[in-house]
């Protein structure tokens with residue numbers, strides 16, 4: 001596991017995602033309305049939609065392509081759709097945001 | 001060894017049963033079919049079409065010889081079964097073939113009933129049952145002049161019409177007072193007779209045939225009242241009798257037909273019967289639907305499936321004679337306890353009669369217009385109570401026709417085309433998950449979740465699945481609230497709610513941060529209500545409107561620069577070409593609204609491309625005023641009456657970058673040829689010699705609606721002002737994501753017209769619009785290019 005620096009919390013817009021590419025992995029990082037930070041794989045299991053561009057509501061993101069609803073905590077796709085994406089641990093230390101990859 | 005299944009009778013009922021068996025278990029039996037006729041299985045119902053020369057014999061063959069081969073069915077054709085030994089389970093055919101069976105289906109059908117009168121055996125007296133009969137009749141029609149059809153029932157009339165079409169002089173002789181007396185009441189029967197007389201048929205009613213005259217060939221008929229008629233040919237069409245000759249040589253119980261139980265079993269083990277030769281509960285059916293119902297039951301029995309007992313059929317009839325549309329089903333006699341409702345339209349010459357017992361429809365007769373036949377049949381079949389219906393209704397509004405009945409649709413009928421969801425899937429979800437609303441169905445199956453056009457059909461399926469229980473239509477704008485658009489907007493004003501968070505909190509949305517449906521809607525309503533106080537919320541906008549570019553299926557974006565009125569110039573084209581080359585743009589395409597689009601652009605490249613293009617956004621990504629399509633107009637076109645391009649450019653310039661509930665498309669044509677398709681624009685102009693016709697509410701797309709003429713004005717300024725007033729009126733009253741056609745329908749065209757054509761109201765709306773959008777109509781691309789923070793936040797990708 002590697003601790004990857006995403007940037008300052010202030011650089012992340014609330015309820016909007018940001019894509020981070022680490023090696024081969026595409027990761028979507030989200031700052032929720034309560035300033036917690038979540039990270040999941042940035043590829044929707046349905047048609048590979050970029051989840052970072054989706055609408056964020058509470059702890060969920062809706063894929064911009066076909067509205068798959070995905071839990072930002074565990075990457076689980078919500079009913080009636082199926083599937084899941086990888087979820088990453090995030091750390092916020094003194095205004096700096098990290099993702100564990 | 002497979003069990004041997006022998007079908008006696010190569011007709012519709014038997015072969016359909018075999019098809020049903022093959023569907024269920026194709027490898028179970030070694031199948032032999034024995035048939036009397038020399039043809040493979042054909043659709044006997046269509047013989048009248050062959051006689052009327054509307055179809056050929058080969059067109060009515062339903063199972064060609066290849067079908068028998070493919071399914072490894074042995075066909076013994078043109079060789080009827082003449083003996084059956086039920087003890088040793090053996091059948092002998094006319095040519096002496098012996099076939100043994102494990103299971104045997106009798107489907108020997110029926111024959112035309114020939115009146116037992118003198119002369120009935122004379123040449124020239126025929127029945128109308130088979131392809132051979134039909135060909136004989138066609139041949140005779142070439143040689144002879146006069147024909148008499150005995151029997152004014154369904155088949156008799158079809159035969160008579162066929163012979164008439166072949167140029168014969170045809171008289172129908174009927175014993176009863178009116179035609180088709182078992183299917184029609186007197187009124188409909190007489191209407192039918194009048195129509196057929198107009199077509200050239202002659203009728204002799206209430207005549208009993210006593211004798212057929214002639215020595216070597218038929219020459220005429222004598223009736224019981226002493227009168228006679230000359231003829232060269234007689235078609236006997238007074239009814240059919242079950243063909244039971246073979247069964248009668250055995251111990252199989254035969255009454256009018258071969259007696260079967262609810263599972264199509266005869267009294268002899270392993271012998272079954274279906275179709276016109278079978279008698280169930282005292283009924284012998286001569287129509288096709290019951291035969292098929294029986295076939296299904298028998299197929300279940302023979303493949304070891306749990307079979308639902310056959311409980312008889314409700315039958316319906318229609319006549320295949322053009323110009324005489326009739327439909328009849330169920331019990332059509334007014335006996336004790338059965339009353340009727342009837343309606344006769346002497347203008348369109350149509351007649352309907354519904355027979356009702358204890359609030360349930362038990363029979364129906366339609367004449368002249370049979371489009372509702374299926375609907376009544378379903379009401380009848382389902383034993384629906386008619387309390388919910390208006391029994392008599394005259395002159396109700398046009399356009400209230402009942403929608404197609406989903407209960408009749410097969411399970412694999414696709415309901416939601418966008419997501420490929422069929423009726424069966426929806427039915428299963430409704431039943432397994434106890435769904436009760438359209439929104440639930442969408443949530444669990446995705447049906448209705450895309451374009452939404454199928455929602456009303458989903459509602460119908462739901463109503464059908466829940467047994468007609470009324471489904472309360474979801475009133476809320478999405479799953480997060482039960483509140484409607486109007487309730488929310490009213491509260492936004494009343495409580496002076498100026499942010500989405502406040503709306504969600506104060507109006508108790510179940511989901512405190514909403515969903516992709518309500519978030520952009522609330523943001524839009526707030527923008528309209530409080531243009532100064534409310535700060536547009538980027539995080540509530542869909543990605544296209546947040547990034548000012550349309551997201552593509554692979555996560556890249558499109559860039560469509562503005563070309564007002566569709567007019568461009570060499571400098572713009574050079575810039576576009578340069579950018580496309582430099583950024584390796586995979587696709588350059590002219591769009592549907594006369595613009596040039598660059599497709600497949602990476603998000604990070606967007607601001608750079610915009611900067612280099614130095615053009616404005618066309619707004620093709622937004623629910624907003626879109627680009628205006630124009631024709632070349634009076635400047636070049638020999639038909640052009642007005643400067644359509646000039647007006648289009650002015651309209652675009654005046655109203656570009658204004659948000660609307662849904663996209664707002666405009667078109668300006670310079671003459672009624674309407675090359676820009678003004679008739680399907682939200683705001684469409686057609687230039688005419690004396691000014692401009694303004695059409696509103698036209699929509700292409702999901703639900704195509706033709707625009708309606710609002711008014712004709714003389715000046716461009718009036719066009720521009722009316723456009724602005726309409727935009728603001730639509731902004732103030734529209735439901736988010738509602739196109740102008742449904743909006744106008746909801747508000748009422750007359751209301752919209754009154755508002756827009758009232759000069760005072762028009763000015764008020766225009767002023768409100770200008771105030772609302774003041775300072776908000778800059779080119780968003782420039783704003784991004786100039787704003788480093790936004791560029792950093794939204795248009796970069798982190799790399800590690």
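Just so you know, the numbers here start at 1 and follow the chain as drawn.
Cβ atoms are placed via backbone N, Cα and C, with glycine included.
Keep in mind that TrEMBL annotations are predicted by a computer and have not been checked by a curator.
Summarising the annotation, TrEMBL assigns [4Fe-4S] cluster binding site to B:631, B:637, B:671, B:675. As annotated by TrEMBL, siroheme binding site applies to B:675. Positions annotated as domain 'FAD/NAD(P)-binding' by TrEMBL: B:4-282. What TrEMBL lists as domain 'NADH-rubredoxin oxidoreductase C-terminal' is B:317-383. Sequence annotations record features per position, and here TrEMBL assigns domain 'BFD-like [2Fe-2S]-binding' to B:414-463, B:477-526. The domain 'Nitrite/Sulfite reductase ferredoxin-like' annotation in TrEMBL covers B:552-614. As annotated by TrEMBL, domain 'Nitrite/sulphite reductase 4Fe-4S' applies to B:622-759.
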Problem - Among B:4-282, B:317-383, B:414-463, B:477-526, B:552-614, stretch most in contact with the domain 'Nitrite/sulphite reductase 4Fe-4S' (B:622-759) (C-beta, under 8 angstroms) - result: B:552-614
Practice task
Taking the Cβ of residue B:631 ([4Fe-4S] cluster binding site) as the centre, count every other Cβ atom within 10 Å, in any protein chain shown.
Solution key: 28
Handout entry: Tertiary neighbours of residue B:671 ([4Fe-4S] cluster binding site) (same chain, Cβ under 8 Å, six or more apart)
Key = B:637, B:639, B:640, B:641, B:686, B:687, B:688
Fill in the blank from the handout: residue B:675 ([4Fe-4S] cluster binding site) has its Cβ surrounded, within 10 angstroms, by a count of other Cβ atoms equal to 18
Problem - Within the domain 'Nitrite/sulphite reductase 4Fe-4S' (B:622-759), residues counted as helix, strand or coil by DSSP - result: 54 helix, 34 strand, 50 coil
Exercise for the section: Across all the protein chains here, work out how many other Cβ atoms are within 10 Å of the Cβ of residue B:637 ([4Fe-4S] cluster binding site). Expected result: 16
Exercise for the section: Summarise the model confidence on the domain 'BFD-like [2Fe-2S]-binding' (B:477-526) as a single mean pLDDT, whole number. Expected result: 91
Fill in the blank from the handout: Per DSSP, the domain 'NADH-rubredoxin oxidoreductase C-terminal' (B:317-383) contains 9 helix, 31 strand, 27 coil
Completion exercise
Note on [4Fe-4S] cluster: the CB centroid of B:631, B:637, B:671, B:675 has further same-chain residues inside 8 Å, namely B:632, B:633, B:639, B:640, B:644, B:669, B:670, B:673, B:674, B:676
Completion exercise
Grouping DSSP H, G, I as helix and E, B as strand, the residues of the domain 'BFD-like [2Fe-2S]-binding' (B:477-526) number 26 helix, 2 strand, 22 coil
